[in-house]
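Q: Residues annotated as Ca(2+) binding site in Swiss-Prot, with sequence analysis given as evidence: Asp37, Asn39, Asp41, Asp48. Sequence annotations record features per position, and here Swiss-Prot assigns compositional bias 'Basic residues' to 1-13. Annotation source Swiss-Prot lists domain 'EF-hand 1' at 24-59, citing sequence analysis. Positions annotated as domain 'EF-hand 2' by Swiss-Prot: 93-128. According to Swiss-Prot, the feature region 'Disordered' maps to 1-22.
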Amino acid sequence: MSKAAKKKSSKKRSGSEAAQFDQKTIQEFKEAFGIMDQNKDGIIDKSDLKDLYASMGQIAPDSQIDAMIKEASGPINFTVFLTLFGERLTGTDPEATIIGAFAMFDKKDCGKIKEDDLIKILQNKRGEPLDEDEVKAMYKGKPPIEGGEVDYKAFAHLITTGAQDELASA
C-alpha cells in the first residue's frame, strides 16, 4: 500500500471513533467540550485553551497550546474533539485517562499536583463540580495528600477501582 493510500485509509478510520462511544460517554464529552469552549462559539481555539488554563490558575506557554491545536487537521469543533479523544482513548483505561488529565496541572512533572489545584479542579463550576459536603467526604477517606500535594496517580487509582466508596465511607 502506498504512503498516500495509508494516510487516506487512516484518516477514514479516525472518523469512526465517535461511533464507539455510548450516549452517556458522548454526553460527558459534550460537557468537557463546553468547559473548554470558553467563548461558546462551537470551536476550541488558542484563546479558549489559554482561558481554560487561566481559570485553573495556570499559565500555559504558547508552544504547549500551539502543539495541542496542531493535533487537529483544522478547527476543533465537537466532532473533531470527539475524534481526537476517541483516537487517544481507544485501548486506554479510565485510570490512565484521569492521570493524563491531572498531568496537565503537574508543573514539575513529578506525579503530584497542589492540593489547592485539586480542589479547584473538583469544584470547577463549568463541569460537574463537587460541593463542600462531597469534598469533606473525600477527605474522610484519607486521599493520597501529603504536605499540600496530591499523588494524582494514587488518587486516580482510588477513584477508578471502586475505592472511592472507601474514601466516602471511611
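Cβ atoms here come from the backbone N, Cα and C positions, even for glycine.
Since we're looking at a predicted model, the values are computed, not measured.
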Q: Averaged across the domain 'EF-hand 2' (93-128), what pLDDT does the model get? Just tell me the whole number, please.
A: 83
Q: So for Asp48 (Ca(2+) binding site), how many other CB atoms are inside 10 Å of its CB?
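A: For Asp48 (Ca(2+) binding site), the 10 Å Cβ neighbour count is 20.
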Q: Here are some binding-site residues: Asp37, Asp41. Which one has the most Cβ atoms within 10 Å of its Cβ?
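A: Answer by Cβ density within 10 Å: Asp37.
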Q: Neighbours of the Ca(2+) site Asp37, Asn39, Asp41, Asp48: Cβ within 8 Å of the Cβ centroid, same chain, sequence order.
A: Met36, Gln38, Lys40, Gly42, Ile43, Ile44, Asp45, Ser47
Q: So for Asn39 (Ca(2+) binding site), how many other CB atoms are inside 10 Å of its CB?
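A: A count of 11.
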